[in-house]
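Sharing a structure with you now.
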Amino acid sequence: MNDYLVKSIDKTKNLRLLTITAKGVVSEAQKRHDLWSASSAVLGRTLVGSLLLAGAELTDKEELTVRLLGNGPVGPAIVTATADLKVKGYVKNPHIALPPKENGHIDVKKAVGQGWFEVTKDLGLKEPYTGQVPIVSGEIAEDFAYYLTKSEQIPSAVGLSVFVNPNNSIGEAGGFMLQALPGASDALIDKTIKRINELPALSTSFLDGMTPEDLARKILGTDCKILEKDDVAFSCDCSKEKYAGILETLKSSQLKDMINEDHGAELICNFCGNKYHYTEDELKEILAKKKDDKDY
């Protein structure tokens with residue numbers, strides 16, 4: 001099954017739902033960062049949640065960055081998602097595996113720890129906007145929902161799932177984001193939340209072949225309307241040219257050290273793990289552009 005996101009609405013047009021399958025996205029992140037189980041669960045859920053949030057809120061060339069700033073062993077998770085549903089991200093500590101909980105599941109809450117949940121939106125305005133709430137759960141889905149409810153005043157329910165196989169490969173990944181629109185009654189919201197609470201585990205359902213459309217009908221009812229379906233992907237916009245621009249911001253003395261002592265430089269993208277090597281000659285070209293530097 002390809003990775004994609006579905007937007008739907010209930011028959012009363014008072015509840016909006018986004019559902020997603022994203023095994024390929026999380027698998028790509030797992031391979032690029034060599035993630036172990038707990039790190040995969042934390043980054044995977046944050047990737048899936050960020051795609052849902054981007055699908056719900058972004059248009060045109062807007063983007064958002066989610067920072068899960070926990071003090072647990074996995075460390076911070078940083079994820080950026082765009083309006084066209086491209087996502088990239090990383091965790092500080094990729095090689096974390098923890099003893100499973102009694103039910104056999106990964107202890108995501110322990111992996112995340114306590115701290116802050118931040119969302120920065122770049123909407124093309126002068127200054128990006130950042131909203132921040134405390135991490136209230138550490139299970140990540142509840143933290144997305146709490147952020148939406150408290151920071152953006154959008155009553156929401158979120159479910160996120162990443163199943164990690166014993167060999168650290170990804171068995172499935174997906175989730176949903178339910179948002180109450182202004183006309184939603186308490187009775188409608190309560191009935192829908194009851195449906196969600198009665199669902200089997202998302203991981204089991206996705207492993208059994210459930211699609212985002214199936215999940216939408218389970219949550220909103222079979223009479224819901226599917227509005228659109230969009231592909232999602234792990235994608236990083238880094239390039240050798242972009243990193244050359246970063247090298248140009250260094251002091252000339254630092255570039256000289258790279259040339260004379262290291263005889264080159266290698267830069268690694270945190271988000272995707274791509275490596276970019278610069279030879280002495282390439283560094284000299286960059287240095288030549290800095291002739292006007294006072295420390296040249």
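From the backbone N, Cα and C atoms, a Cβ is placed for every residue, glycine too.
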Cys236 pairs with which of Cys224, Cys238 in a disulfide, per Swiss-Prot?
Cys238
If you pull up Swiss-Prot, which of Cys224, Cys269 shows a disulphide to Cys272?
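Partner cysteine, according to Swiss-Prot: Cys269.
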Expressed to the nearest Å, what is the distance separating Cys272 (disulfide bond) and Cys238 (disulfide bond) at their Cα atoms?
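For Cys272 (disulfide bond) versus Cys238 (disulfide bond), the Cα atoms are 8 Å apart.
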Does DSSP put Cys269 (disulfide bond) in a helix, in a strand, or in coil?
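DSSP assigns Cys269 (disulfide bond) to coil.
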I'm trying to understand the geometry here, so how far is the Cα atom of Cys236 (disulfide bond) from the Cα atom of Cys269 (disulfide bond), in Å to the nearest whole number?
9
To the nearest whole angstrom, state the Cα distance for the pair Cys238 (disulfide bond) and Cys269 (disulfide bond).
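With distance taken Cα to Cα, Cys269 (disulfide bond) is 7 Å from Cys238 (disulfide bond).
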Measure the Cβ-based neighbour count of Cys269 (disulfide bond), defined as the other Cβ atoms within 10 Å of its Cβ.
18
